[in-house]
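Listed in Swiss-Prot for this protein:
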{"type": "DISULFID", "residues": "Cys31-Cys39", "note": "disulfide bond"}
{"type": "DOMAIN", "residues": "50-243", "note": "domain 'GH16'"}
{"type": "BINDING", "residues": "Glu129, Arg209, Trp213", "note": "chitin binding site"}
{"type": "ACT_SITE", "residues": "Glu129", "note": "active site, proton donor"}
Amino acid sequence: MMASRRISVLSSLGLFACLLSPVVAQTFTYCNPLEKDDCPNAPALGQNYTTYLNSSLNPDVWNATSGLVEISDAGSNFTIHKALDSPTIQSFFYIFFGTVEVHMKAATGRGVVSSIVIQSEVLDEIDWEWVGSEPDKVQTNYFGKGNTTSYDRGKTFDIKGAMDDFHNYTVNWTPEKIEWYIDTVLVRTLKYEEALGGKNFPQTPSTVRLGIWPGGDPQNKKGVIEWAGGEIDYEKTPYIMSVKELKVVDAHKGKEYSYSDRSGDWQSIKVIDGVSDIANEINKPPPKSLAQRWRELPTAAKIAIFASIGGLVILGMAIIAFCCVKQRRAGRREFSMENSKFVEDQNNVMAMRTQWNHKYKPVGS
């Protein structure tokens, strides 16, 4: 019931997030456990999870907000079509340390930002970000408990073809360190003690968020617009970020995560045993095809079906034969009637001709 309540609340607040500025919507939290004691427990993933984004996303697993996510054979396209579009998907499940691997192609365009965000309700955050005016670079960043007093935590790395080709971007997150990988190559490591002695180290249960947003929208702050490469040109839409595969590993096995106090320390998080409703939804087998259903039928049922089909075929053939015979008989009767009428007409003509011959006398006879 707690997980269901949380999903309902997140869905409702997802609509509210659509009304916020793109920056706020990307980092939205609806109940901060550092400020409130009655926040609902976080439903755990509690397992490994892989999904290919070339089919519709399960609405019981993912919350889509603030724009259109278009599905294609190659994956999901997060598209900015108009002002303030910032299509984003956010998992309903939470992971408490683990691995997030995303195969994606970032969007190009001045003022356009593509992002992968691992974020908790206390605003712990681990980021990948691409600025559309920098086609061969990717930025990594982190925040602890919403602390934005300093923006010197980010590091930028070269990545050829980030906006032309799909690449593998992976975060490995443990209580001791965070590692960022590009195409399986380690590019950055952040140790716990390096993040202000651990105070700014992301360490609380987090959702996974993928999205694109107009960092260069005129409504954003000047500093954000400058960081995004300048004002976005909405006349040049669409701007598209594409994702084809996502792998998530939760380091813990459990049903829910709860905060035992307001410290925000990972040691204060309780792991509640069980399996979450979301995990059950993920593990639910897909609908079976007709071929699979047929193979699973017992032999007696198959024989009965074949017999029924055979009976229907025989009945159909009998009906067709009956109709043919009936039609042929009707045709014969009609032909007989027409033939009798023809003979009668011929006899009448011959009789009239005989009478005429008897009455006709040649001139001079």
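Using N, Cα and C of the backbone, Cβ positions are placed for all residues, glycine too.
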Position of peak Cβ density within 10 Å, selected from the disulfide-bonded residues Cys31, Cys39: Cys39
Length of the line joining the Cα atoms of Arg209 (chitin binding site) and Cys31 (disulfide bond), in Å: 17
Cα-Cα distance linking Cys31 (disulfide bond) and Trp213 (chitin binding site), given in Å to the nearest integer: 23
Overall pLDDT for the domain 'GH16' (50-243), taken as the rounded mean: 96
Other C-beta atoms that fall within 10 angstroms of the C-beta of Arg209 (chitin binding site): 22
Between Cys31 (disulfide bond) and Glu129 (chitin binding site), the C-alpha gap once rounded to whole angstrom: 25
Per DSSP, three-state class assigned to Cys39 (disulfide bond): coil
Between Glu129 (chitin binding site) and Cys39 (disulfide bond), the C-alpha gap once rounded to whole angstrom: 29
